[in-house]
Amino acid sequence: MNRFQLLSKGLRLIHKMSEEALAGVPLVHISPEGIFKYVMINVIDGGDASKAVIRGFADCTWHADIFDREEEVFKKLGLRAECPGGGRIEHNPDKKYLKVYGYSQGFGKADHAQTKRILATKYPDYTIETSDEGY
């Protein structure tokens, strides 16, 4: 096997590994209850594949704190991350209710309709509302 064939084989293996890493990334990871900031993150493998995920944590003061935390996780998996926007989530598990609203001063407003669709994959029995009102 020549150098080019070895390099090509190695790149295919790396690409396959990053595809598998991307497939293993959960679509939703948010705090179990409360009102907190969230970001939408586009997670990208070594090729052209990507997926949008939602992350929101009550212990993060800023949208950038959420993104920075998750970006480190994705880097360790060989994945890249971009943040198209954020907002806030109100999560009431007793009422099976989620509200997506507001925006991020640093990243701008996420597509709340897309956020709702992604949240519904983890919370199919919840009422999920969106609003462009509020911060």
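Note that Cβ sites are derived from N, Cα and C of the backbone, with glycine treated the same way.
Per Swiss-Prot, these features apply:
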BINDING   LYS37, SER104, GLN105, GLY106  substrate binding site
ACT_SITE  HIS63  active site, proton acceptor
Length of the line joining the Cα atoms of GLN105 (substrate binding site) and HIS63 (active site, proton acceptor), in Å: 8
Cα separation, LYS37 (substrate binding site) to the residue listed as 'active site, proton acceptor' (Å, whole number): 6
Neighbours of LYS37, SER104, GLN105, GLY106 excl. site residues, C-beta within 8 Å of centre, substrate: VAL39, TRP62, HIS63, ALA64, GLY86, TYR103, PHE107
Three-state secondary structure, HIS63 (active site, proton acceptor) (per DSSP): helix
Mapped DSSP class for SER104 (substrate binding site), helix or strand or coil: strand
Long-range Cβ environment of GLY106 (substrate binding site), under 8 Å and at least 6 residues apart: TRP62, HIS63, ALA64, GLY86
Extent of the substrate binding site in Å [max Cα distance among LYS37, SER104, GLN105, GLY106]: 12
Chain-internal residues, separated by at least six, CB under 8 A from SER104 (substrate binding site): LYS37, VAL39, HIS63, GLY85, GLY86, GLY87, ALA110
Where LYS37 (substrate binding site) sits in the secondary structure, as DSSP reduces it to three classes: strand
